[in-house]
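Q: Take a look at the following structure, please.
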Amino acid sequence: MDTFQVAVRVRPQNQKELLNQSKSILQIQNGKQIVFDPATTESASGHVRQKNLGFSYDYVYNEKSTNTQIFNEAVNPLLDKLFAGFNLTVFAYGATSSGKTFTIQGSQSEPGILFQSLEQLFKRLQPDQTLKMSFVEIYNEQINDLLNTKNVNLQLRDDVNAVQIVNLTQIKIESIQQTFLLINKAFQFRQTQATGENANSSRSHSILQFDLQTATNTVKFLIIDLAGSERLKRTNCEGQRMLEGCSINKSLLALGNCLSALCRNNSYVPFRNSKLTRILKETLSGQSKVLMMCNVTSSDLQYEDTLNSLTYAQRATYIKCQSKINIQSIQLNQTELNQIIQQLKEENQQLIQDLEKAKITQHLEDTTELDTILKELIESTSLLYLNQCDRKYLEFENNTENVKKIGELQELEQLALEQSKQLKDKLKRFTTEKAQLKIQNAHSKIQENKLSQLSILRGKIIEQMQNINAHQKHVIIHQQEVFEQLSQIAAVALGESEVAPLIKQFKRAPKQTQAQKAKSADDLMLSQLNTQQINTTQNFTKNINICEPKRIQTLEKWNANASRVKIIPGLTRKISINKYEYENQLDELTSQLNNMSGSIRRK
């Protein structure tokens with residue numbers, strides 16, 4: 001037997017439908033198939049019709065079927081499953097005035113499946129079994145207790161595999177007469193109002209539940225009369241009736257969405273979208289045998305409603321779930337139960353103590369581990385920033401001798417970077433507030449170390465730039481002195497024509513020094529460092545070293561020709577007059593120039 005069964009019942013046309021001479025849009029093929037809007041049927045209402053739509057169900061009943069026939073064929077076999085330990089749910093679905101309430105409640109001459117089920121329950125009830133009853137309605141998404149009218153707007157509470165209604169009245173029933181009186185009294189409190197389709201339309205979903213308790217288990221039997229789906233245009237509802245209809249349609253839509261999800265075997269079923277579906281979660285999740293009674297009319301005046309109901313019921317036939325028998329542990333007397341309870345309490349208390357000890361131990365271990373990780377992280381990042389700054393300073397010096405050292409520092413940086421990343425990944429599992437505070441403090445320390453290393457690097461670069469500027473200034477002053485001395489020698493000893501190229505070369509020096517002016521050290525950034533000033537100074541020193549042999553050669557040539565008798569340019573006497581004194585001065589000047597040249601080369 002399938003867990004979820006669907007039966008369709010076609011009611012006879014009512015007086016309104018007969019007066020309008022409505023046509024039948026349903027054709028029952030056999031006890032399991034029905035055709036909607038067969039091709040031979042003519043429609044008097046002018047609907048756009050979908051011809052020959054076939055539907056298959058577990059049971060199909062025509063207008064002449066009775067409540068007794070439906071009970072005997074569809075419901076009574078399920079009661080066998082109830083007493084075998086399975087939960088059971090029977091619910092009626094259909095549009096307003098489709099015959100749901102008649103199928104459930106029936107009349108005095110033809111009792112519905114509710115009262116026939118109760119007769120069978122009490123016939124099969126054993127002396128060691130008890131039966132309890134509860135009865136609620138869902139009106140505008142509000143749960144009201146029909147056995148105690150003071151209990152209104154009851155709340156739902158999620159329990160293991162089920163949803164409980166808080167403070168719900170539950171009465172132990174001992175006879176069928178007592179049960180009939182309670183149910184008939186509860187029906188008087190159910191919300192009903194007249195609409196354009198039904199003079200006594202149910203405005204709420206009713207859920208009647210029987211709990212059958214045995215020595216080994218407890219099973220549930222639910223009989224649900226759903227409020228009818230409504231088309232406001234057809235029912236002509238306004239005001240409060242319109243709000244009720246919207247609430248009814250909303251909960252029925254939520255139920256339809258749950259059925260669709262179950263048909264597709266979705267892992268997520270939206271049971272929480274309405275209170276009706278929350279209560280039916282246990283029923284629809286495979287923990288109950290289910291019979292859905294779909295009620296329709298054959299009149300073409302309700303063309304869309306009938307089609308929607310048949311489609312809704314067809315969707316439910318695709319639900320495949322495995323119902324579970326309710327099994328309870330072996331029966332124990334009160335003394336044994338008390339002993340077990342006391343033992344469980346003691347074990348629970350011991351487990352609580354062990355858990356607290358474990359938490360303390362784990363906390364200490366976590367704290368020690370966290371401190372160790374943070375210490376290693378600070379050391380690793382400090383080494384990373386130190387190597388980075390050393391490498392950047394060597395790159396700034398632009399010395400070919402530093403290439404190997406720069407490569408070694410890059411390898412150390414990569415190792416420190418990987419170690420820091422691994423340590424940061426370990427910190428992700430520490431999520432407590434205290435741990436996060438420690439981690440934040442460590443990150444602050446790391447930032448301080450980074451800024452400190454950058455500050456040291458900046459100071460070293462500024463100091464180096466100042467030294468370079470001072471050295472260049474000293475070199476320029478020396479070059480200017482050399483130029484002046486060479487100019488004097490040329491003017492006194494040789495004349496301008498013999499050393500003109502040399503003088504011309506040295507006259508360009510002041511122009512070259514203009515490119516050597518350093519920017520302010522405070523404006524320097526690591527990415528802006530260049531070697532223009534150093535290269536300019538080195539090139540200028542090189543030029544001096546090249547020109548010096550020419551200068552010495554000129555002096556030697558002048559010494560060789562010092563005995564010539566002629567007027568030296570710039571002098572007012574002959575060379576032979578003060579030759580001895582002048583040669584001493586020239587030797588001294590030559591020695592000074594040689595010392596100066598050697599000093600420049602060393603620098």
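We number each residue from 1, going along the chain as drawn.
Cβ coordinates come from backbone N, Cα and C, glycine included.
No curator has checked TrEMBL annotations; they are predicted automatically.
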Q: Out of 187-221, 327-361, 502-536, 537-571, which range is noted as coiled coil by TrEMBL?
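A: Within the set 187-221, 327-361, 502-536, 537-571, TrEMBL attaches coiled coil to 327-361.
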Q: Between 25-56, 377-408, 409-440, I'd like to know which one TrEMBL lists as coiled coil.
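A: The listed stretch tagged coiled coil in TrEMBL is 409-440.
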Q: Would you count the other C-beta atoms found within 10 angstroms of the C-beta of Thr96 (ATP binding site) for me?
A: 23
Q: How many neighbouring Cβ atoms, not counting its own, are there within 10 Å of the Cβ of Ser98 (ATP binding site)?
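A: The answer is 26.
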Q: Within a 10 Å radius around the Cβ, which one of these binding-site residues has the most neighbouring Cβ atoms: Gly94, Gly99?
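A: For the binding-site residues Gly94, Gly99, the Cβ with the most other Cβ atoms within 10 Å is Gly94.
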Q: Determine the Cβ neighbour count for Thr101 (ATP binding site): the number of other Cβ atoms within 10 Å of its Cβ.
A: 24
